[in-house]
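As structure tokens, the structure follows; a few thoughts come after it.
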Amino acid sequence: MEDFVRQCFNPMIVELAEKAMKEYGEDLKVETNKFAAICTHLEVCFMYSDFHFINEQGESIIVELGDPNALLKHRFEIIEGRDRTMAWTIVNSICNTTGAEKPKFLPDLYDYKENRFIEIGVTRREVHIYYLEKANKIKSEKTHIHIFSFTGEEMATKADYTLDEESRARIKTRLFTIRQEMASRGLWDSFVSPREAKRQLKKDLKSQEQCASSPTKVSRRTSPALKILEPMWMDSNRTATLRASFLKCPKK
């Protein structure tokens, strides 16, 4: 699974996931499914934000990369992917500026158009079950919840899906692609089932010993939203050649 993650996701997303697991004292060599889940969640959050801006009239518009406008403001503030201290600093700043209610748990995004925090969920199970779990944990009507599944289903607070259909379809397609690529490598069952995951982990560790010197192909594309995080953790030279486009897992 670890090899798959490094092949399928952009190196910047992988690096953020590694830092997140390290911050919580988790070993990605052991918890490979969580490593994959974190990378997937990060990518969905960035794709959610991609290309969405607010113009001078306060209207939400979509602007593709290559059509810049200095007067435009990003519609979404990305909170996910930051270290906890910085994330809470951003949340506090938003609350002080907008008067929004401070959430009990760190949300993933803030929507400046709708003036609300957003919790993004990506589930391998039924969307309604995961939605209820999120709602019970957050216990706040102020935080908007939007759940995606690997089967193309989604569920959101009051059926308000925030994004246009095309933007959501891009996210669903990416998730379906990840599922297909996992399945083609025999990883999907272990990603869904904890019991199967333990068996797969033993197999992976044994395989890593045999293939430690094998070269690995890496996707070099990235989400434009990642560039917003860039100053915090990497220099611009490493992102200069990355194209902002929808990621696709490379074939073996």
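One is the number of the first residue shown, and numbering goes on along the chain from there.
Keep in mind that glycine also has a Cβ here, set from the backbone N, Cα and C atoms.
Per Swiss-Prot, the features are:
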type     : residues : note
SITE     : LEU28    : site 'Important for efficient shutoff activity'
SITE     : LEU65    : site 'Important for efficient shutoff activity'
ACT_SITE : GLU80    : active site
ACT_SITE : ASP108   : active site
SITE     : ARG195   : site 'Important for efficient shutoff activity and nuclear localization'
SITE     : LYS198   : site 'Important for efficient shutoff activity and nuclear localization'
SITE     : ARG199   : site 'Important for efficient shutoff activity and nuclear localization'
SITE     : LYS202   : site 'Important for efficient shutoff activity'
REGION   : 202-221  : region 'Disordered'
SITE     : LYS203   : site 'Important for efficient shutoff activity'
SITE     : LYS206   : site 'Important for efficient shutoff activity'
COMPBIAS : 208-217  : compositional bias 'Polar residues'
Quiz prompt | Alpha-carbon spacing, ASP108 (active site) to GLU80 (active site), which is rounded to whole Å | solution = 5
Self-check item: Same-chain residues at least 6 apart in sequence whose Cβ lies under 8 Å from GLU80 (active site)
Solution: HIS41, LEU42, CYS45, ALA87, LEU106, ASP108, LEU109, ILE120
Exercise. Using all protein chains in view, find how many other C-beta atoms are within 10 Å of the C-beta of ASP108 (active site).
Key: 24
Quiz item: Tell me, how many other CB atoms lie within 10 A of the CB of LEU28 (site 'Important for efficient shutoff activity'), whichever protein chain they belong to?
Solution: 20
Self-check item: Helix, strand or coil at LEU28 (site 'Important for efficient shutoff activity') [DSSP, three-state]
Solution: coil
